[in-house]
Amino acid sequence: MAAKDVKFGNDARVKMLRGVNVLADAVKVTLGPKGRNVVLDKSFGAPNITKDGVSVAREIELEDKFENMGAQMVKEVASKANDAAGDGTTTATVLAQSIITEGLKAVAAGMNPMDLKRGIDKAVAAAVEELKALSVPCSDSKAIAQVGTISANSDETVGKLIAEAMDKVGKEGVITVEDGTGLQDELDVVEGMQFDRGYLSPYFINKPETGAVELESPFILLADKKISNIREMLPVLEAVAKAGKPLLIIAEDVEGEALATLVVNTMRGIVKVAAVKAPGFGDRRKAMLQDIATLTGGTVISEEIGMELEKATLEDLGQAKRVVINKDTTTIIDGVGEEAAIQGRVAQIRQQIEEATSDYDREKLQERVAKLAGGVAVIKVGAATEVEMKEKKARVEDALHATRAAVEEGVVAGGGVALIRVASKIADLKGQNEDQNVGIKVALRAMEAPLRQIVLNCGEEPSVVANTVKGGDGNYGYNAATEEYGNMIDMGILDPTKVTRSALQYAASVAGLMITTECMVTDLPKSDAPDLGAAGGMGGMGGMGGMM
């Protein structure tokens, strides 16, 4: 086992604080509407330019291992805030830096670290309750657009696009962000259920001008198996041909003789058929087939539940108003499934979302909810260069997370004002002893830090602005974009309550751990092994001449 380097008490805390400051100073320059850019070097390609706090934090690794531990713990604050609310990473970092700096000063002055932590926790718990009381529901699209605009660094077009997307697909709908092809941002909305599987044979195409298969009021056969023998499908095909409607087959695969026969029947006009593979893999494929069955009012023909394809009837088939299939995607529009069954299925998937542990699973489940509940919107980000595209895409994603958080828990006045108001409301809070009171004061002072940093970034004097804002009440604050005072909510400067709450809670949590740190342990740096060329007696062979 490698030897360890151990530091105690003040030595450890000073090193840790130095690491915290390096990371926080790099992140906090991006805060506010006049936040600066940070340029990140990449080992290949052009450097990345960003104003996204968590992107900056992720890039930072320090050479000194003790300092790096401090930096990594604050990075954890940014990541946690990002995971919980999708935004507020810079605010969380600024809060954490302030609590750690003031807290460590108090520890150095002889205060008890555990009591300080208790005081900080008490203040934060009270602040969270006050934040909830200040929160205003965010329901109309104007408020949603304002939240999106603020989070996208005052880019109004992004705010409007997100509000429009939410109008189209609902609050629960899936909104994804992709690279666009032009200079303008665009919004694409896919109505109905779409999945990433195209036609199995180009011979199914009946709209050559668009290269797509369009089926009007088709029957939909859902099979959880490979279909290679046409005989087992004959009863269904005959029944569909009699009904005079087209048929869409969604199965694990359709191959060989079965596919060839379907193609021939389609080309001869005997029965209009198209076949696609079922979306997903393994258990997820079974679940998605069941989703489609619920949406279209059909049944999944599965041998697991004792159903055979030969015995399938028209009652087992789903139906939809229209189906459009192209090379890569299939879209089912207006399935005839019962609304109650669809809502039941959505509720069931929501329950799974609550229990999901990984982000990937949660995202996939949310996509399934959206496909059942209404549709998917795609925001295509336009930009002149790839560097600008990356930067803008990160901002749009942030704005999207912020608007979701706003719809969930409501909004408070932005620009750091909500925390100032909360701090003034809990200013009389007292702990059980003097050290806890100092902890409460540390937390209250930290709540001013975001406003001060926003003001500093736009080149004004933080103390003057902070005192003016404290002198006002309600939503009165400082608009850093226009450099004027007024009602923040009326000016459209809003922060999602969830973002502000998460930032404060995670900052206090990690800062509390760091204040109560008494010892740090890390591996000693390995001493470089001697160069083999210089080792041994070989280098000294030249001296052998003296032996003669």
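Glycine is treated like the rest: Cβ placed from N, Cα and C.
When secondary structure is read from DSSP and collapsed to three states, ASP495 (ATP binding site) falls in the strand class. The annotation ATP binding site is assigned in Swiss-Prot to 30-33, LYS51, 87-91, GLY415, 479-481, ASP495 on the grounds of sequence analysis.
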Among GLY32, GLY88, GLY415, which are binding-site residues, the residue with the most C-beta atoms within 10 angstroms of its C-beta: GLY88
For ALA480 (ATP binding site), the number of other Cβ atoms found within 10 Å of its own Cβ: 26
Residue among binding-site residues THR30, THR90 with least C-beta crowding, 10 angstrom cut-off: THR30
